[in-house]
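What TrEMBL says about this one:
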type	residues	note
DOMAIN	75-363	domain 'Histone deacetylase'
BINDING	146, 196, 350	substrate binding site
ACT_SITE	188	active site, proton acceptor
BINDING	223, 225, 311	divalent metal cation binding site
REGION	425-458	region 'Disordered'
COMPBIAS	436-448	compositional bias 'Acidic residues'
């Protein structure tokens, strides 16, 4: 029924009668007290309260293999940053407050809910060894320098997309309040082509999943680059509002003008916040909070997807903003405060030690846990010298965003929002089928197999069945 399972567990084939018994409810299932005890002991249930006094149940998606993928020498995108983030989470003790899940890889049919069949087939078949024989296809699908072919490319896409869709599934069924997939957030990919280091648009796929349950979904993007792939996918609908805060001008991808507001039914449901170099925490929040307050008031989303691209941090290898980690995380804290189902995704970020710092701190924000600045010893400790602290000070770069310009931007966007007046009325079409749990392979190894040193959950049959039970 689901595409997620606890980290370290493989899909398990269950007899149909067992599923029927489970679906009838816990009171009619043999072993009620045993399962209830296991569910109550599952990680992520005993959370500290956040600043608002409300507890949040957090599901965190991580695949230990994600750090092994390699775009190539000199390429700024480094999936290894996800492994560094995970190491920080482990050594700060944050994993014990979350349900840690290893995502099922997204299947072809999952990816084809947004992407073209022939594009998905190309991603599945292309390898470094065969790419010279497919030059025409490489050009057609924009795979090349920015989006290179590398070993395990398709598996990488399946992994990060599986985590984002899995998070949406958990939120849809009320199994968590916040879902996190730092490997996701690849917002540039289009229906038929790769773009900006992104091959599969996991964000679009997760929003499509959320729309099965929620009438309206809000997408917020704080990456330094415009969230063009997501905006384009939902440009003509009033069921998804996209809000992107980004560097605008002579900067990739060159889209995201304040005048781009959506089309047809989607008119005024695309909000673009064009910014210049050097924006600091105070200036950013003076835009972010009033705009998002008005968006939440008028649009009233059932769920929020927040892309937390860390290339908007000060000192990023490709970025030109001047946000501190606390300033960046203030966006997470603010969206969390609305107590609406929240999916947190990664995105850009090319000074990888700062990416790990940022996403570790923002995981703490999601949990409502304040973590100390002094960094614990861990396997990547040397990356964080000479200070070995979680936070880094912003630079003294010039803020080219004048108060007058920012006030004009805020005024124009609030005016656009006022034209919406009320949340859109939705008539549901026939509901798509729920995402299903892939059947286990009969030749698969035992379901209680441990994944090795990267695994952070004790795995046994009881834990698997406690998870199955928690789905109902």
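Just so it is clear, glycine is given a Cβ too, placed from its N, Cα and C backbone atoms.
Curation does not apply to TrEMBL; its annotations are automatic.
Owing to the predicted nature of the structure, the values given are computational and were not obtained by experimental measurement.
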What number of additional C-beta atoms lies within 10 angstroms of the C-beta atom of residue 350 (substrate binding site)?
20
Within 10 angstroms of the C-beta of residue 146 (substrate binding site), what count of other C-beta atoms is obtained when all protein chains are considered?
17
Non-site residues, in chain order, whose CB comes within 8 A of the mean position of the CB atoms of 146, 196, 350 at substrate:
76, 77, 188, 197, 198, 252, 318, 348
Neighbouring C-beta atoms (10 Å sphere around the C-beta of residue 225 (divalent metal cation binding site)):
26
Express the distance between the Cα positions of residue 311 (divalent metal cation binding site) and residue 146 (substrate binding site) as a whole number of Å.
16
Can you name the binding-site residues among 146, 223, 350 whose CA is within 10 A of the CA of residue 188 (active site, proton acceptor)?
none
For residue 223 (divalent metal cation binding site), name the DSSP secondary structure in the helix/strand/coil scheme.
coil
Between residue 196 (substrate binding site) and residue 225 (divalent metal cation binding site), what C-alpha distance do you get in Å?
9
Would you find the one among the binding-site residues 223, 311 whose Cβ has the most company, meaning other Cβ atoms within 10 Å?
223
Greatest C-beta neighbour count within 10 angstroms, which of the recorded positions 188, 196:
188
Check the DSSP secondary structure of residue 196 (substrate binding site), expressed as helix, strand or coil.
coil
If you measure residue 146 (substrate binding site) to residue 225 (divalent metal cation binding site) at Cα, how many Å is it?
15
Determine, for the divalent metal cation site, the additional residues of the same chain whose CB lies within 8 Å of the mean position of the CB atoms of 223, 225, 311; present them in sequence order.
224, 246, 247, 309, 312, 318, 319, 347, 348, 349
If I take every residue in the domain 'Histone deacetylase' (75-363) and average their pLDDT values, what number comes out?
98
What is the interatomic distance between the Cα atoms of residue 223 (divalent metal cation binding site) and residue 350 (substrate binding site), given in whole Å?
12
Rounded to the nearest angstrom, how far is the Cα of residue 225 (divalent metal cation binding site) from the Cα of residue 350 (substrate binding site)?
13
